[in-house]
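Some features that Swiss-Prot has for this protein:
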type     : residues    : note
SIGNAL   : 1-21        : signal peptide
DISULFID : Cys24-Cys44 : disulfide bond
DISULFID : Cys38-Cys59 : disulfide bond
DISULFID : Cys63-Cys74 : disulfide bond
DISULFID : Cys75-Cys80 : disulfide bond
Amino acid sequence: MKTLLLTLVVVTIMCLDLGYTLVCYTNVLEPPGTLETCPDDFTCVKKWEGGGRRVTQYCSHACAIPASYEFVHCCQTDKCNG
C-alpha cells in the first residue's frame, strides 16, 4: 500500500511539472547580461541591429517583430539568448 501511494505521488509531481521556470539573459546595453528567472509561458529574446551593434536580451510573452534594420532570435530553453 505504501508503495502504491509513493508511486502516485511521484507520478503526480511529474505530471504537474511543478515550479518550472525559464532562465534568460537580460541586459540593456552590452551582453552578456544578468540572468533573470522568467515564468514558464515566456520566451527568451535576443535582438540586435545589423553589424552587431546594440544587443538587447530580455524575457517576453511573445517573440519580437524586428524592424527592417534589426535581427531577432527567440528561444525557450535556459540561457539560450546569450
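From the backbone N, Cα and C atoms, a Cβ is placed for every residue, glycine too.
Positions of Swiss-Prot features highlighted on the structure.
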residue : record         : contacts (Cβ under 8 Å, 6+ apart)
Cys24   : disulfide bond : Leu35, Glu36, Cys38, Phe42, Cys44, Val45, Gln57, Tyr58, Cys59, Asp78, Lys79, Cys80, Asn81
Cys63   : disulfide bond : Thr43, Val45, Val72, Cys74
Cys75   : disulfide bond : Thr43, Cys44, Asn81
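Cys24 (disulfide bond) carries a strand DSSP state (E or B). Each of the disulfide-bonded residues Cys38, Cys44, Cys80 was assessed for Cβ neighbours inside 10 Å, and the highest tally belongs to Cys44. Of the listed disulfide-bonded residues, namely Cys59, Cys74, the sparsest Cβ surroundings within 10 Å are found at Cys74.
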